[in-house]
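Asker: Handing you this structure, nothing more for now.
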Amino acid sequence: MKTLLLTLVVVTIVCLDLGYTMQCKTCSFYTCPNSETCPDGKNICVKRSWTAVAGDGLKREIRRECAATCPPSKLGLTVFCCTTDNCNH
């Protein structure tokens, strides 16, 4: 009886997990109040930041999005990847 109960619990957890979809912030602003459901296969939240020339000075740019893989950081580009809902705030 205990084995049957344990099996049912495990199956329930696995089935519930299959329907999970990631929620990430997806915008190009410093403040990002809304989140979106990521499409299938994109279960990583990414936040990229860099400095760009704007007018007579420098401007900090930020982009948040869903991704299938974590892109590499490069010189001048900071990348933060995470795997929980809205973790790329």
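Residue numbers in this text run from 1 along the chain shown.
Note that Cβ sites are derived from N, Cα and C of the backbone, with glycine treated the same way.
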Asker: Considering the candidates Cys24, Cys32, which is the cysteine that Swiss-Prot reports in a disulfide bond with Cys27?
Answerer: Cys32
Asker: Between Cys66, Cys70, which residue forms the disulfide that Swiss-Prot gives for Cys81?
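Answerer: Swiss-Prot says the disulfide from Cys81 goes to Cys70.
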Asker: Say which of Cys24, Cys66 is recorded by Swiss-Prot as the disulfide partner for Cys45.
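Answerer: Swiss-Prot lists the disulfide between Cys45 and Cys24.
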Asker: Round to the nearest Å and give the CA-to-CA distance linking Cys24 (disulfide bond) with Cys66 (disulfide bond).
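Answerer: Their Cα atoms are separated by 6 Å.
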Asker: Taking every protein chain shown into account, which of the disulfide-bonded residues Cys38, Cys70, Cys81, Cys82 has the largest tally of Cβ atoms within 10 Å of its Cβ?
Answerer: Cys38
Asker: From the Cα of Cys87 (disulfide bond) across to the Cα of Cys45 (disulfide bond), what is the distance in angstrom?
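Answerer: With the alpha carbons as reference points, the distance is 7 Å.
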